[in-house]
Amino acid sequence: MTESSVHPALWPAPYATGAVEATVTVPGSKSVTNRALVLAALAAEPGWLRRPLRSRDTLLMAAALRALGVGIEETVSSSSAAAPGAELSEGGEAWRVIPSGLHGPATVDVGNAGTVMRFLPPVAALADGPIRFDGDPRSYERPLNGVIDALRVLGARIDDDGRGSLPMTVHGGGALDGGTVEIDASSSSQFVSALLLSAPRFNQGVEVRHTGRTLPSMPHIRMTVDMLRAVGAQVDEPETGGEPNVWRVSPSAVLGRDLTIEPDLSNAQPFLAAALVTGGRVVIPDWPERTTQPGDALREIFTEMGGSCELTDAGLVFTGAGRIHGIDVDLGEVGELTPGIAAVAALADSPSTLRGVAHLRLHETDRLAALTKEINELGGDVTETEDGLHIRPRRLHGGVFHTYDDHRMATAGTVIGLAVEGVQIENVATTGKTLPDFPQMWAEMLGV
Ligand SMILES: O=C(O)C1=C[C@@H](OP(=O)(O)O)[C@@H](O)[C@H](O)C1
Ligand SMILES: C=C(OP(=O)(O)O)C(=O)O
């Protein structure tokens, strides 16, 4: 839990005076946008991303690819284009990605984006020249050894500080051999995704063998595999008959695609939670019928906690009954949902046990410690377990909810603030990592 060095203003989380009734259009998925940017940059032809997420994490990814020579242009409407190389804005409709020879020297700012710090080093290894990676102080603490060690085995030259973390320089050689590599991805599924995403461009493709005991966030690996197949890559993997814990990507050209990005279902979570907490009804338009996003699991999890939902032509209609039940659930596959589930669980009528998420200690902050401390400081009763949280609901009171530069801590505290008067969110602007308009969207949902 590294506290922000500055102490930005406190934001009073709105208290709900009645049942929320709203339709909330949620911007594009971070995970899909950043994969699509990487694949489009590696393609043999230009491609389009429509309705991309524009947030800190995705703008950092776009800026990094531009620094490596990739063209990313914005269209403001179907007929007009912003000047090539112009700043990417919050308002445009689509990004056109024009691949070119990747090259250094360049510097990549990863911020605190796991997708940028892990997905881009393999891309840098394919570039010609030195690429320096740096980021927020927290990025130095997040695990990267799985990517660094694997890239060295696959033929890359990397200078780091010997700790297997940022900052570091990848000395791109213009191509990478590729081949077989063993990694322990128990601390982050993004190690596997990172190696697979660039692998069609490795001379021999890749065979990734995961040797660790556990592997979190499987839906995100599925997302990687599906998106690779959609750009023409051949992938063998455990879920379609391959060996367990082994993924193979053959060398091939990457096709340029025209892709419309799905709404970010994990960012739909606080809005669905608002319906659950207030006994209201929230509609999320464009909820996909079929998706690899982990946020889709909210339909089941929030139903078990007392809501009900229906997928209609208008989108996902989620209704709360005004009572929240505790839950005993393994969140290993959907770890990024944990802060939002913990917030709702703290308001439930029975205890909850959240399991399978030890790796959250290495996310934007130590999420298990941060949730325990912040909910308990509002009068709650949360204890950390080896791999999760026990949450015994108590009557909560107002106070400052610290967010530790973690967007999901900020949205979790805001959900508690709906039911508890006087909750103040420290640095709500940290939601800009994946959802820059969160405070306005929240106010609009509540009609305040
Ligand atoms: O590949 C991705 O887009 C992600 C994978 C997951 O990471 P971990 O496996 O490190 O938890 C998830 O928590 C993160 O928000 C996004
Ligand atoms: C863990 C998360 O992000 P990152 O992509 O930085 O790992 C998250 O968004 O919850």
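Cβ atoms here come from the backbone N, Cα and C positions, even for glycine.
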Residue among ARG66, ARG229, ARG367 sharing the phosphoenolpyruvate site, where TrEMBL lists LYS30, GLY114, ARG142, GLN190, ARG408, LYS433 as binders: ARG367
Reported mean pLDDT - the domain 'Enolpyruvate transferase' (17-440): 96
Spatial neighbours, same chain, of ARG367 (phosphoenolpyruvate binding site) - Cβ under 8 Å, 6+ residues apart: THR338, PRO339, VAL357, LEU360, ARG361, ASP406, ARG408, MET409
Listed binding-site residues adjacent to ligand 2, that is, members of ARG35, GLY114, ARG142, SER217, ARG367, LYS433 whose C-beta is under 6 A away: GLY114
Between GLY114 (phosphoenolpyruvate binding site) and HIS363 (3-phosphoshikimate binding site), the C-alpha gap once rounded to whole angstrom: 8
Rounded to the nearest Å - Cα separation of LYS30 (phosphoenolpyruvate binding site) and SER217 (3-phosphoshikimate binding site): 15
Entries of ARG142, GLU336, LYS433 which, being recorded positions, have CA atoms within 10 angstroms of SER189 (3-phosphoshikimate binding site): none
